[in-house]
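Colleague: What TrEMBL records for this protein is below:
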BINDING   106, 111, 116  oxalate binding site
BINDING   109, 111, 116, 158  Mn(2+) binding site
DISULFID  30-47  disulfide bond
DOMAIN    61-212  domain 'Cupin type-1'
SIGNAL    1-20  signal peptide
């Protein structure tokens, strides 16, 4: 019986590895490139010849400058996904910087291919996520302060709101090199071509004038 806890630990680690969302890499590095002549296509990206890779491929400097929060949402998300950070290709991780003006909102959205873990560096954020229909669309919400960490499970709708009177800053890590992003309001009311008003009026149980109004709005993307 003394070996049982160790056995459980080994099993847990093996299971976590087996169920990692992005495929495990089969080589040390696979820096993404737009050069189609590179010839190796992995995880949706062509790989640069490893012999041509440099330290700069594994450096991202986009977090040095605060994001511009002068927009209707009062927030800016700067992503370090594989499209912006080629060295992440095949590594199964990415990051984002989230800047918030007072009252700024990162609106309800989902990452279809990644779990997100968020740490607050400055300010106070109200955060939350909503479970699927299977769990009755339960809202899990919390107020986060400097140093607090919160996790948003893969695929679930979540949000962050600056409820403080000062600027707020957070960083997020995601469990995919390309976790994807679907902002709910933009997708539903800003789809191109637009979703039929007949569909939306019945789905939301509102008058067509409300749907027409919402579809006529400019749905800002803070990414």
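A Cβ is built for glycine as well, from the same backbone N, Cα and C atoms used for every other residue.
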Colleague: If the Mn(2+) site is taken as the center of the Cβ atoms of 109, 111, 116, 158, which further residues of that chain fall within 8 Å of it by their Cβ?
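Modeller: My list of surrounding residues reads 110, 114, 129, 152, 156, 157, 179, 181.
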Colleague: Of 109, 111, 158, which of the binding-site residues has the most Cβ neighbours inside 10 Å?
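Modeller: Counting Cβ neighbours within 10 Å, the top one is 111.
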Colleague: Which residues, sitting 6 or more apart from residue 116 (oxalate binding site) on the same chain, put a CB under 8 Å from its CB?
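Modeller: Expected: 151, 152, 158, 172, 173, 174, 175, 179.
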Colleague: Using the Cβ centroid of 106, 111, 116 as the reference point for the oxalate site, which residues of the same chain not in that list have Cβ within 8 Å?
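Modeller: Going along the sequence, the neighbours appear as 96, 109, 110, 118, 152, 158, 160, 172, 174, 179, 181.
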Colleague: On a C-alpha basis, identify the one among 106, 109, 111 that is nearest to residue 47 (disulfide bond); the candidates are the binding-site residues.
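Modeller: So, spelling it out, the nearest of the binding-site residues is 111.
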Colleague: If I take the alpha carbons of residue 30 (disulfide bond) and residue 111 (oxalate binding site), what is the distance between them in whole Å?
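Modeller: Checking the Cα atoms of residue 30 (disulfide bond) and residue 111 (oxalate binding site) gives a distance of 23 Å.
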